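Trainee: Input: one structure, supplied below.
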Amino acid sequence: LRPPTVIGQFHTLFFGSVRMFFLGVLGFAVYGNEALHFSCDPDKRELNLFCYNQFRPITPQVFWALQLVTVLVPGAVFHLYAACKNIDQEEILQRPSYIVFYIISVLLRIIFEVIAFWLQSHLFGFQVHSLYMCSASALEKTFHVTRCMVPEHFEKTIFLSAMYTFTVITVVLCVAEIFEILCSRLGYLTSQ
């Protein structure tokens with residue numbers, strides 16, 4: 001079952017191919033070995049790991065994979081419901097109960113994307129700096145604050161900006177899809 005709107009179909013294509021490809025291929029290339037190349041002064045393995053865990057409480061790839069799965073769930077639930085009830089694509093935009101259920105799934109996608117945007121901004125910020133100041137006083141008494149080098153910080157900043165952009169595009173597409181549904185429903189009601 002395809003999404004009942006043109007914008008919904010474009011969203012599925014955009015979301016399914018471009019965003020997942022970008023995350024899967026480029027995300028691994030940019031963030032794949034970050035922990036191995038993250039080094040602090042002095043360069044001790046336990047200090048590097050301690051500071052890296054402070055720098056990245058969750059790896060960006062895991063965060064974005066969770067975001068993708070979470071955003072896909074409302075649409076998947078709707079399509080599962082439609083498949084179980086043998087609802088075809090044209091029926092969705094004709095029956096008010098199906099329209100309401102579908103719009104709720106789109107609104108949930110918007111809510112999950114906004115929450116993910118907010119979480120991403122708090123976890124990763126909007127820019128990756130080349131130096132990270134790590135508070136290592138809990139690890140050893142001799143180190144209070146140590147400097148750590150972040151590898152490929154410029155590439156990570158570009159990738160981070162792209163992931164914010166994908167989130168904004170997805171939200172805009174979801175809002176446009178709701179307007180498309182409401183306009184087509186208005187057209188359907190006025191033609192009868």
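Placement of Cβ uses the backbone N, Cα and C atoms for every residue, glycine included.
Unlike curated records, TrEMBL annotations are generated automatically.
Bear in mind that the values here come from a model prediction, so they are computed numbers and not experimental data.
Sharing the feature lines straight out of TrEMBL:
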type: TRANSMEM; residues: 12-31; note: transmembrane segment
type: TRANSMEM; residues: 62-84; note: transmembrane segment
type: TRANSMEM; residues: 96-119; note: transmembrane segment
type: DOMAIN; residues: 112-181; note: domain 'Connexin cysteine-rich'
type: TRANSMEM; residues: 158-179; note: transmembrane segment
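Set these features in their place in the structure for me.
Mentor: Proximity of distant same-chain residues to the transmembrane segment (96-119), defined by a Cβ-Cβ separation under 8 Å and at least 6 residues beyond the stretch ends, is recorded for 4, 8, 63, 67, 70-71, 73-75, 77-78, 81-82, 87, 164, 167-168, 170-171, 174-175, 177-178, 181, 185.
Here the transmembrane segment (158-179) has long-range neighbours at 3, 5, 7-8, 10-11, 14-15, 18-19, 22-23, 26-27, 30-31, 60, 64, 67, 71, 103, 106-107, 109-110, 113-114, 116-117, 120-121, 124-128, meaning same-chain residues at least 6 beyond its ends whose C-beta is under 8 angstroms from one of its own.
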Trainee: Which whole number is the mean pLDDT over the domain 'Connexin cysteine-rich' (112-181)?
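Mentor: Averaged over the domain 'Connexin cysteine-rich' (112-181), per-residue pLDDT gives 88.
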